[in-house]
Amino acid sequence: MAVAAQSDMSGYTWLLVLGFVIAFILAFSVGANDVANSFGTAVGSGVVTLRQACILATIFETVGSVLLGAKVSETIRQGIIDVRMYNGSEHVLMAGSISAMFGSAVWQLAASFLKLPISGTHCIVGATIGFSMVARGHQGVKWIEILRIVASWFLSPLLSGIMSGVLFYFVRKFILNKDDPVPNGLRALPVFYAITMGINLFSIMFTGAPLLGFDRVPWWGTLCISLGFALVTALFVWFVVCPRLRKKIKRLNGTVGPMMITDPHSGRSHTIHKDSGLYKDLLHKLHMAKVGDCIGDTDTEERPIRRNNSYTSYTMAIYGIQGDPKYKDLEVGLQRRSRVDSYSSYSSAVSSGSTVQDGSVTQEACPDPTPEEDELEVDQPAVSSLFQFLQILTACFGSFAHGGNDVSNAIGPLVALWLLYESGSVVSNSPTPIWLLLYGGVGICAGLWVWGRRVIQTMGKDLTPITPSSGFSIELASALTVVVASNIGLPVSTTHCKVGSVVAVGWLRSRKSVDWRLFRNIFIAWFVTVPISGLISAAIMALFIYVVL
């Protein structure tokens with residue numbers, strides 16, 4: 001019987017080949033969109049460059065896909081539709097798998113082009129339901145999955161936003177707002193590292209990866225191992241990492257002095273002291289310029305004069321550009337778009353012929369006519385050094401877990417296709433081939449390298465400015481939300497959790513810093529993900545049934 005079934009399926013080898021091609025395109029689209037969630041905030045805060053993020057993500061996504069992705073065939077074969085309906089018509093299910101991959105890939109590529117982060121899981125669910133509706137009608141579709149997806153639109157960003165907001169509130173209250181944040185920061189560092197390692201290790205072990213033997217470890221064993229590892233991490237950080245960081249911060253504080261800016265026309269030098277608000281603002285603007293370089297924004301080098309922000313107006317004032325008639329149009333644009341802050345006020349003072357006494361620029365020397373109460377907070381260099389490696393660590397863990405989850409979205413239908421072709425049965429208990437998981441991991445990494453920067457820019461820069469402290473709060477709280485909610489049965493999406501955390505922490509830092517129009521567009525993209533991917537998949541399936549097969 002098995003030989004007969006195999007010979008029956010041999011006539012559909014072309015479907016298998018087509019499936020492999022489309023599966024790679026789907027993996028590419030997943031890498032271009034979903035993977036950006038792991039390192040978007042790390043790149044946005046300037047902790048890593050785009051190239052470094054791609055290298056780290058390539059390593060951890062590939063390893064995660066191979067080690068954690070062993071359950072991928074469940075995604076399409078049993079979780080969304082009843083595959084037993086296709087007994088005797090296995091070639092229809094093969095065509096359905098291809099349709100599902102095509103529908104999911106097209107919408108994810110479109111969303112990546114629009115720089116909108118969406119859920120790869122929701123894409124493949126919608127596409128699977130779409131082909132099933134054409135092939136077998138509404139029978140066999142597990143509609144409870146649709147209800148869970150609708151619930152996740154609201155639960156994921158809300159829960160993750162609340163948890164990130166609470167964590168960042170305590171970080172800001174007990175560390176960032178202190179006159180000297182370093183002592184409290186160093187005391188909290190072992191706790192942060194312990195929580196980070198404990199949560200992520202528990203998440204990876206609780207997934208039950210058969211290749212690592214974690215599926216044989218009971219839940220209490222997983223909990224004990226995670227707590228023990230967290231305790232060891234805390235001790236290591238307290239006795240080894242903290243003393244090194246303390247010395248590093250002392251050296252940093254000893255080298256940072258007042259900034260000297262020279263007017264090239266008059267030759268006069270202006271001193272900006274460390275304790276002035278302008279000094280901190282300038283550091284932030286220089287940091288944001290660095291973030292632009294990290295993301296690959298060539299505007300900084302090729303068109304510096306077109307960066308319509310308050311730093312540009314400050315620079316123009318210093319270099320005497322504002323009085324030049326040829327920059328008149330640009331100046332008008334700056335006045336329309338610049339936020340009112342210490343740069344704008346200083347620009348006004350310089351351009352109106354005001355003089356600065358004693359060569360010193362302080363907050364009192366350039367009063368702001370309309371002071372901005374809701375000012376965006378900036379991490380001090382010492383604080384940044386405390387949170388930098390923590391953020392990289394959480395991003396790497398997230399990428400590792402993401403690889404196991406993402407490969408199910410990209411390769412799940414292909415696994416179903418392969419096992420169906422190999423066994424000739426819609427119900428197969430064969431293990432997932434490791435080489436298929438690796439194939440998906442390669443496709444994901446290719447998508448990240450070629451097109452990942454688009455969604456990374458949205459998550460790390462466009463939605464709201466990110467600092468190392470806020471980025472750490474976003475990463476840790478969203479990871480905690482996914483672990484807790486998944487294990488108690490609440491439907492959540494990793495993408496939605498990350499976006500909710502970014503918006504919540506950005507709003508806490510400054511209510512004017514969040515791009516609400518962009519967030520609205522992202523939410524609309526979430527809303528239409530299931531129907532659009534489903535319609536595309538249904539159209540391809542109709543083509544297969546009525547024309548090809």
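Think of each number as a place in line: the chain as shown, counted from 1.
Including glycine, each Cβ sits where the backbone N, Cα and C put it.
Unlike curated entries, TrEMBL annotations are predicted automatically.
If you check TrEMBL, you get these features:
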- 349-376: region 'Disordered' (REGION)
- 12-30: transmembrane segment (TRANSMEM)
- 50-70: transmembrane segment (TRANSMEM)
- 91-110: transmembrane segment (TRANSMEM)
- 146-171: transmembrane segment (TRANSMEM)
- 191-212: transmembrane segment (TRANSMEM)
- 219-241: transmembrane segment (TRANSMEM)
- 434-451: transmembrane segment (TRANSMEM)
- 518-548: transmembrane segment (TRANSMEM)
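Listed by sequence, the residues of this chain that lie at least six past the ends of the transmembrane segment (518-548) yet keep a Cβ under 8 A from its Cβ atoms are 92, 95-96, 98-100, 102-104, 106-107, 111, 114, 116-119, 122-131, 133-135, 146, 149, 153, 458, 462-463, 496, 499, 503. Taking pairs at least six residues apart, the transmembrane segment (434-451) and the transmembrane segment (12-30) share three or more Cβ pairs below 8 Å and count as touching. Only residues 6 or more beyond the boundaries of the transmembrane segment (146-171), in the same chain, are considered here, and those with a CB under 8 A from a CB of the stretch are 119, 122, 125, 129, 188, 469-470, 472-474, 476-478, 480-482, 485, 490-493, 495-501, 503-505, 507-509, 523, 526-527, 530.
Beyond the ends of the transmembrane segment (91-110), by six or more residues, the same chain brings 9, 12, 15-16, 18-19, 22-23, 25-26, 28-30, 32-34, 76, 83, 118, 120, 123-124, 126-128, 130-132, 135, 409, 413-414, 416-417, 420-421, 426, 529, 532-538, 540-541, 544-545, 548-549 to within a C-beta distance below 8 angstroms of the stretch. Long-range Cβ contacts of the transmembrane segment (50-70) within its own chain (Cβ-Cβ under 8 Å, at least 6 residues beyond either end) map to 31, 35, 38-39, 42-43, 204, 207, 209-212, 294-296, 392, 395-396, 399-408, 411, 431-432, 434, 437-438, 440-442, 444-445, 448-449, 452-453, 456.
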